[in-house]
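Working notes for the structure below.
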Amino acid sequence: MKFVDEVTIRVEGGDGGDGCASFRREKYIPRGGPDGGDGGHGGSVWLRADEGLNTLADFRHERKFTAQRGENGMGKQRYGKSGQDREIAVPVGTLVSDADTGELIGELLEHGQRLLVARGGKGGLGNVHFKSSTNRAPRQYTPGTKADRRNLHLELRLLADVGLLGMPNAGKSTLVRAISSARPRVADYPFTTLYPNLGVVSVGAARSFVVADIPGLIEGAAEGAGLGIQFLKHLGRTRLVLHVIDAVPLDPAQDPVDDARKIVAELGRYSESLAARERWLVLNKLDLLPEEDRDAHVNDLLQRLQWGGPVYRISALSGDGTRQLAQDVMNRLEVMDEEAREAGERARREQRQEEGPE
């Protein structure tokens with residue numbers, strides 16, 4: 001199935017049914033009072049997050065979604081039946097905005113979460129509501145109100161804990177295969193990864209995280225070159241970025257340090273907040289060097305990069321170093337979770353102190 005991460009659709013709620021102007025017509029009651037019932041409410045359109053979906057491709061076949069109209073009111077004070085709601089399944093991680101105004105409507109971040117995107121109209125009132133001491137036979141009624149109608153822009157941003165960043169052919173997809181059950185396409189040429197891939201990495205009982213592999217970046221990506229820039233947004237919700245570098249490129253003209261600097265520059269041009277995210281350096285393909293040459297090669301790379309953060313030496317193909325990397329990532333994410341909980345508790349305590357005793 002083709003990966004589709006943006007789409008525009010049309011949603012229309014159901015209009016409310018009209019109220020009814022009716023009078024009692026019974027034997028021996030020639031001039032019965034009003035008995036017109038109310039119209040039914042129109043159905044609304046909802047979006048619902050479904051963890052079983054991972055693309056917006058289904059919207060290629062259907063772009064307009066309409067809820068049911070409310071039925072009109074009837075005599076004998078019978079109310080019209082309300083219209084059925086329309087529910088549309090979307091992948092978890094979908095961002096919803098108004099396609100015409102750009103206004104953000106909401107995000108669907110949890111399985112089963114629902115978002116109202118087009119409210120149905122209200123049913124009109126029947127003439128029974130307009131009876132008064134001065135108007136015993138009102139012919140007034142109100143029509144149902146119109147429902148919301150709007151164009152929506154849906155944008156899928158994958159939910160992952162960890163994002164992989166790097167040049168084409170750096171070995172990101174091979175790393176995903178090495179540490180997870182995902183099986184992205186792997187081959188010895190650039191741009192093998194054409195769409196983002198997600199993998200679940202398990203490091204023990206009830207301990208796992210989600211990793212996202214996006215297409216590789218090239219110089220000029222922030223201006224639209226290559227394949228990766230359109231998928232950089234999928235790293236926006238990650239908490240940790242692994243910068244994968246081909247430490248031993250087969251092309252002698254290719255410089256790993258120059259490649260790394262280009263990636264960092266493109267990242268900064270795309271998003272300052274993403275560039276400031278915690279980033280670990282992962283030096284891949286070191287198994288291509290004789291063991292006695294590896295330390296000197298790594299030290300030279302780190303010195304030229306002026307890198308002072310975490311660094312890992314791995315071979316994604318053989319699996320060397322990948323288990324330790326996955327374990328350390330899991331430990332770091334758990335520390336982040338604990339830090340977030342503590343920060344939330346501090347914020348709640350400070351809020352209670354500001355509010356004072358009741």
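Backbone N, Cα and C atoms are what each Cβ position is placed from, and that goes for glycine too.
Noted in Swiss-Prot for the protein shown:
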{"type": "BINDING", "residues": "166-173, 191-195, 213-216, 284-287, 315-317", "note": "GTP binding site"}
{"type": "BINDING", "residues": "S173, T193", "note": "Mg(2+) binding site"}
{"type": "COMPBIAS", "residues": "341-358", "note": "compositional bias 'Basic and acidic residues'"}
{"type": "DOMAIN", "residues": "1-159", "note": "domain 'Obg'"}
{"type": "DOMAIN", "residues": "160-334", "note": "domain 'OBG-type G'"}
{"type": "REGION", "residues": "337-358", "note": "region 'Disordered'"}
Between S173 (Mg(2+) binding site) and G166 (GTP binding site), find the distance joining the two CA atoms and give it rounded to the nearest Å. 11
From the DSSP assignment alone, can you count helix, strand and coil residues within the compositional bias 'Basic and acidic residues' (341-358)? 15 helix, 0 strand, 3 coil
Taking the binding-site residues one at a time (N169, S173, S315), which has its Cβ surrounded by the most other Cβ atoms within 10 Å? S173
As a test of reading the model: what is the averaged pLDDT for the domain 'Obg' (1-159)? 91
Given the binding-site residues K172, K285, which one's Cβ is surrounded by the fewest other Cβ atoms within 10 Å? K285
Local Cβ density at G166 (GTP binding site) - other Cβ atoms counted within 10 Å: 24
Which three-state DSSP class does K172 (GTP binding site) fall into? helix
